[in-house]
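Engineer: This is the feature table in Swiss-Prot:
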TOPO_DOM  1-194  topological domain 'Intravirion'
REGION    151-169  region 'Acidic'
MOD_RES   SER164  phosphoserine
MOD_RES   SER166  phosphoserine
TRANSMEM  195-215  transmembrane segment
TOPO_DOM  216-220  topological domain 'Virion surface'
Amino acid sequence: MGEPEPVVALTEDAPLSVYNPNYRSDNALIADGDSSPIGGDCCPAEAVAAAEEVATAALASEEIYEMHIKSCISSTTCGDHNNSIGVTSGLTVRAAECHPPSPEAVGIEDVVVVQTAATTNGPSDTVPASAAASVISDDNGCVPLLGSRLELENYDLESGCYYSESDNETASLFIQRVGRRQARRHRRRRVALTVAGVVLVAVLCAISGIVGAFLARVFQ
């Protein structure tokens, strides 16, 4: 094996840094194999000051980078920025590409999905025969669809028809059903008024007959 090359002492132009492999904690730069201090002008205080200066510059550059990112995010016209920010020791930190936040969705309406309750023919949901017979109507052939209690509750006792909200009922069928119900109401009203008029006429005729008989007997 060859002899190791002697280590040359650093000159004044060499940077003082804790990263220097020849730096020792005994206030000197010592060459390998030599215990005598070399370069007495070199002191650890200068090295520490240089290291602190580098750390301060790095911290300042990091703060500038964070400020740039925050300002870029807060701006709506940021776009793609690749600004280079200088850092000590010849290093360069490129700002990450920042994009403006996506605009909030405006004008979106909530869609409500209505699900129809499935009817079952189980023994618990079936209507008793007596209840079914009590609600069946033969007026205009309108017979309620009997099945579950929910369907029985939707049955309109006044019109005698089953009120269905299913998709099978079109607009024309709905209008026809409402028209039949209105016609039945008007017919019932006309019948009631006719009966009331007949009763009133009969009562007036009876009263007039009684009064006429009384006056005829008085003035004989």
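Here the Cβ of each residue, glycine as well, is placed from N, Cα and C on the backbone.
Buried or exposed, and what's around them? Tell me for each listed feature.
Structural biologist: Mean per-residue pLDDT, taken over the topological domain 'Intravirion' (1-194), amounts to 58.
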Engineer: Of the residues in the topological domain 'Virion surface' (216-220), how many are helix, strand and coil by DSSP?
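Structural biologist: Its residues fall into 3 helix, 0 strand, 2 coil.
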